[in-house]
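Quick look at what Swiss-Prot annotates:
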BINDING   Val29, Val30, Glu49, Arg50, Arg57, Arg159, Val175, Asp336, Met349  FAD binding site
SITE      Tyr91  site 'Important for enzyme activity'
TRANSMEM  434-454  transmembrane segment
TRANSMEM  467-487  transmembrane segment
Amino acid sequence: MSKETSYPKELLCADEKVVYDAIVVGAGVVGPCVATALARKGKKVLIVEREWSQPDRIVGELMQPAGVRALRSLGMVQAINNIDACSTSGYTVIYNGEKISFAYPYKADLSPPEKIPDLVFDGNDKVVDDGTISAKEFEEDEREHGVGFVHGRFLQNLRAICAAEDRVTRLQGNVISILRNDSKEVIGAKVDVPGRGKVDFKAHMTFVCDGIFSRFRKELSTTNTSKVWSSFVGLSLHHADLPTKHHGHVILGSEHMPVIAYQISSTETRILCAYNYPTLPKNVPEWLQKEVQPFIPPSLRKSFDAALESKSYKCMPNSWLPASQNNVTGLCVVGDALNMRHPLTGGGMAVGLMDVVLLVKTIGDMDFSDREEVLNELLGFHYERKAHACVINTLSIALYSLFAADSYYLKKLQKGCFEYLGRGEDWVRQPISFLSGVLPSPYLLTKVFFTVALYSVLINFRGRTPLGFLLAIYEGFAIIFTAAKVFTPFLYEQLLQ
């Protein structure tokens, strides 16, 4: 079978003579949500994806409660159903073998997820029962829930929901370039379509959602490029015995980099091992054996060793990218193409989906042919999204700096953070709300972060001799300075970019 005939016909026959209301570039997590939402708002949408078959990736597998709430607002939450997904009810942190656990926030402490008109109907904002997901647990439990899943299965569900919309046309093809007119305004995309060659498709608005390795974020800014400071090595553990069921796990220690573990199906657990450099060690299996395996909790050791023996692993760079302002007529960049954070906290999908919710509320009811008015609203969108994006993004890099502590004072902060979280629910309520993505307050995040820093200073005085007490005073100033150094620049960048 030739390449030209190997794709379903319906993915190749988009009409280039039509001027679409919107072209969506990319059908990852964010793209289908944008396309579905706009179609339900009455827009004629073309969504272009290079490969519609199910991907095999280790990104986007743990969704925080804020992401689930956003899916409810979009009427797409049933994308987590029938994919052997696993609910998550909180986090467990293990520090040098000592364990603390905390649950996600109470629903009563939050406003209900917003039901966006035209998007939510016929109960599509409710989770349903399947083999691994309990509707009662999600809908009636007093606390919020997150969910872990195999990324590709979730993605195919999102794409299926998108494909069911009459106003959505799907196209298989490789977007070569973003089209502009003589005034440098974006007017569509040039797509290399199998069997048709290079075809120009026109639209009033073009939404770039092409993910981590975006080719087209440069259409907004050629200088705002992503930075990579560290990497994750991912392994699949089968029939693993997690220390706390239905929890995400962060495994910390004074002698090793962070390790993240969470269940993604009834039989599979993902484990991500941090490597504090952008390029991986030459011998990854040897590094895993020597630098990671000794610190794996006993209950996970058997499945981890089996994964090591298979020598099957995947690697991912941990990228950082502040958002550029959407200031080009006819163009909107959204998702990881716009903004990236460290994946340690699992907040990426939450930010992207909350951005889609805000985007639809901002421009969903507008006439996209009035492009300058849409652009004016997108300028407001840039600032309004900062509340949730700033918290999740800044928290991700600040926590990674603490959890991957590679200096004396960062280790002091790491120990203080763990002990702070262990003081009980009253102390952990706001931190877990930040981690869940449901407390979009940069002010409160700053307050809590420096409260943790001050607590680290306080416990550093314990058991000191008189001479040691004087040293602790000096170290206290150094701890606060270190905290400011790892937190303030990123907060500043997020708020003022």
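A Cβ is built for glycine as well, from the same backbone N, Cα and C atoms used for every other residue.
Sequence features annotated in Swiss-Prot and their locations in the structure.
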{"residue": "Val29", "record": "FAD binding site", "CB count, 10 Å": "25"}
{"residue": "Glu49", "record": "FAD binding site", "CB count, 10 Å": "23"}
{"residue": "Arg57", "record": "FAD binding site", "CB count, 10 Å": "17"}
{"residue": "Tyr91", "record": "site 'Important for enzyme activity'", "CB count, 10 Å": "26"}
{"residue": "Val175", "record": "FAD binding site", "CB count, 10 Å": "22"}
{"residue": "Met349", "record": "FAD binding site", "CB count, 10 Å": "29"}
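In this structure the C-alpha atoms belonging to Tyr91 (site 'Important for enzyme activity') and Val29 (FAD binding site) are separated by 24 Å.
Residues Val29, Val30, Glu49, Arg50, Arg57, Arg159, Val175, Asp336, Met349, recorded as contacting FAD, have a largest CA-CA distance of 23 Å.
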